[in-house]
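TrEMBL has this to say about the protein:
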ACT_SITE  A:C95  active site, nucleophile
ACT_SITE  A:C188  active site, cysteine persulfide intermediate
BINDING   A:L26, A:G119  ATP binding site
DOMAIN    A:197-263  domain 'tRNA-specific 2-thiouridylase MnmA-like central'
DOMAIN    A:273-346  domain 'tRNA-specific 2-thiouridylase MnmA-like C-terminal'
SITE      A:H120  site 'Interaction with tRNA'
SITE      A:Q326  site 'Interaction with tRNA'
Amino acid sequence: MSGGVDSAVAAARARDAGHDVTGVHLALARNPQTFRTGARGCCTLEDSRDARRAADVIGIPFYVWDMAEEFHESVVDDFVSEYAAGRTPNPCLRCNEKIKFAAVLDRAVALGFDAVVTGHHARLGADGLLRRSVDLPKDQSYVLAVLTRAQLDRAVFPLGDSTKEQVRAEAAARGLAVADKPDSHDICFISDGDTRGFLESRLGSAPGDIVDGRTGEKLGTHNGAYGFTVGQRKGLDLRVPAADGRPRYVLSITPVSNTVTVGPREDLAVDVVTADRPIWHASSDISDCEVQLRAHGEVVGASVAVTSESLVATLKSPARGVAAGQAIVAYRPDPAGDIVLGSATITAGSRASTHA
Amino acid sequence: MLPAALDAYVAAARELGNPSSLHAAGRGARRLVEESRERIAAALGARPSEVVFTGGGTEADNLAAKGIFWARRDADPRKRRVVASAVEHHAVLDAVEWLGRHEGAEIVLQPVDGAGRVDPAAFAALVAAHGDEIAVVSVQWANNEVGTVQPVAELAAIAARAGVPFHTDAVQAVGQVPVDFAGSGAAALTLTGHKVGGPVGVGALLLGRDVPCTPLLHGGGQERDVRSGTLDTPGVVAFATAVEAAVAERAEHAVTVAALRDDLVGRVRSAIPDAILNGDPADRLPGNAHFSFPGCEGDALLLLLDAQGIYCSTGSACSAGVAQPSHVLLAMGADDGRARSSLRFSLGHDSTKADVDALLAALPGAVERARRAGAWKTPG
């Protein structure tokens with residue numbers, strides 16, 4: 001129970017469904033006085049009190065579990081080292097994979113609980129299939145697709161059939177004060193929202209070149225390649241305008257040479273995506289599915305070939321802003337909610353053919 | 001709340017009156033307050049004028065530690081040392097640490113032995129070496145976690161011989177062990193209502209007439225000019241009723257509760273042979289049983305026992321809701337793991353053999369489960 005409206009309503013629904021429910025709030029900061037005092041994120045002291053209050057209203061026991069060490073090692077350190085390696089990690093996904101449905105689940109099972117209930121917006125029904133939420137803008141199946149079959153078997157997502165608006169209305173009807181609490185959008189361990197500043201404090205300043213992807217010309221300098229993400233347009237601070245006067249985007253990051261390569265929008269387009277560490281729930285050769293390449297990103301048609309170690313997706317139309325480190329999640333469209341076929345971690349995007 | 005204390009509270013709450021007012025209603029309230037002061041003084045071997053009502057134990061501890069420090073240091077700038085045991089309640093420990101951070105106090109924490117006791121000889125040596133630099137000493141009467149009773153009279157006598165005011169936090173002791181303010185030789189003593197069956201939010205500092213003390217709260221000076229604020233007449237009356245009853249019933253209560261506690265301790269030890277009883281095995285609060293269960297997290301045990309209707313406490317301070325290892329156990333020499341594996345069972349007047357039976361029925365399974373739950377953190 002993060003202290004937000006979703007987990008509070010999820011807990012209440014699980015209790016109403018007849019389960020013996022215990023509320024758990026995760027303390028994720030090593031030093032409770034540091035990032036737990038910020039007004040943002042989802043692990044402040046105020047959030048902990050909100051979660052406790054919600055548990056009291058629902059009428060369930062409530063505990064704070066200290067997962068700071070695990071969170072730091074599996075999520076924060078991973079976040080920093082992924083950026084240092086020129087990739088763009090998704091810490092929420094990593095937290096689901098390593099904390100909520102691993103460390104928390106393992107502890108809960110050992111204590112005699114059967115499952116972890118969360119307020120994620122995704123559907124997981126009797127058929128065991130993970131599907132998108134009915135509320136597509138709030139759908140979180142993308143950051144849950146990393147869960148293995150065993151993890152999904154011990155997961156309960158009571159909110160997938162409801163829109164966020166319905167969840168808020170239900171919270172209000174249940175007398176939960178968090179009903180109108182704003183959504184959290186930021187990375188919870190970067191309390192001021194300044195990701196680049198956070199990375200700079202961890203990785204130090206590492207000046208390098210920004211070069212043109214077509215000509216190889218040096219266009220400017222940066223203070224650390226880790227501050228950039230493929231597809232990024234803002235914050236390049238280039239003094240040399242492009243010949244055609246059009247905006248330039250980050251095309252790639254090369255940690256070895258500490259180079260950020262930029263170019264026009266069309267050079268971002270890729271139609272083959274390779275990925276590793278697949279978690280796959282379907283047949284290994286899918287000729288027709290949809291893939292999503294970042295959280296809340298566009299969905300494109302693709303064919304996918306999967307082995308135990310890798311995944312190759314051939315896109316039916318080019319995608320832009322495909323960053324290594326993000327997840328590729330494959331879906332099969334379905335009237336009862338698009339079904340997650342599996343997920344993998346993007347290693348590269350490339351162009352197999354020339355699109356006009 | 002004790003029924004007699006609750007009745008006294010309700011009866012007093014029906015009456016109008018501010019004990020500081022001069023009119024008839026005020027006089028009526030003042031009479032209730034002063035009678036309460038006399039009853040508490042009589043029950044605890046103090047003079048009525050030594051009873052300073054406060055908003056509870058935390059305020060009384062803060063008043064003693066900070067107030068006596070300020071007054072003594074202002075009178076003599078050399079008196080900057082504040083001595084406290086390492087196992088004090090946070091109401092004392094944090095107040096003392098604040099004096100160190102903000103008021104230039106030099107904090108001397110007296111270590112304790114494996115049973116949680118302060119060594120009088122070590123304390124005597126400290127007083128002999130630095131007596132003229134010590135502003136105030138604070139050593140609890142009995143520990144709130146492990147139940148160890150301190151040699152208060154012995155320590156107070158050492159301080160008194162050097163002219164150093166000795167404060168004792170007796171919140172846990174009143175009604176559990178004999179507490180006599182004059183007999184103890186302490187200069188100041190903290191007690192609170194809710195630990196003796198009285199209301200929450202009212203307590204007292206017994207403060208010797210000749211002990212200098214600067215107020216924490218400034219205002220009307222209602223309590224001997226040491227504490228300001230309109231007194232809560234119903235709370236004070238209920239507090240006095242509860243103190244009187246707790247002290248009157250103490251001896252008999254202690255015998256029955258200690259027998260039940262000894263039964264609990266013996267049965268826990270045979271059921272969980274590696275359980276460690278913390279605190280002084282003999283000189284401890286009658287209702288206190290405190291164990292470490294190696295390999296378990298206290299938190300996990302608490303969750304499992306709570307689910308079976310058994311209420312116990314990890315006794316550890318919560319910092320941002322995260323259980324920290326108990327400073328008391330760490331001071332007693334326990335390592336982090338043992339400190340985190342501990343749990344306190346408290347017995348009161350209404351505890352029965354059936355309660356102990358219920359605990360013993362649930363505990364072995366809970367310990368086994370908590371051990372498994374702890375294993376994920378330390379693989380292999």
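Note: Cβ is positioned from N, Cα and C throughout, glycine not excepted.
Where the annotation comes from TrEMBL, it is an automatic prediction and has not been curated.
Cα spacing between A:L26 (ATP binding site) and A:C95 (active site, nucleophile): 11 Å, rounded to the nearest whole number.
Secondary structure counts, DSSP: the domain 'tRNA-specific 2-thiouridylase MnmA-like central' (A:197-263) has 10 helix, 21 strand, 36 coil. Using CA atoms as reference points, the recorded positions A:C95, A:G119, A:H120, A:C188 were checked against A:Q326 (site 'Interaction with tRNA'), and the closest is A:C95. For the pair the residue listed as 'active site, nucleophile' and A:G119 (ATP binding site), the Cα-Cα distance reads 14 Å.
According to DSSP, the domain 'tRNA-specific 2-thiouridylase MnmA-like C-terminal' (A:273-346) comprises 0 helix, 48 strand, 26 coil.
A:G119 (ATP binding site) sits 16 Å from A:C188 (active site, cysteine persulfide intermediate), taking the Cα positions as reference. A:C95 (active site, nucleophile) carries a helical DSSP state (H, G or I). Put simply, A:H120 (site 'Interaction with tRNA') is 16 Å from A:C188 (active site, cysteine persulfide intermediate) when counted between their Cα atoms. Summed and averaged per residue, pLDDT over the domain 'tRNA-specific 2-thiouridylase MnmA-like C-terminal' (A:273-346) gives 95.
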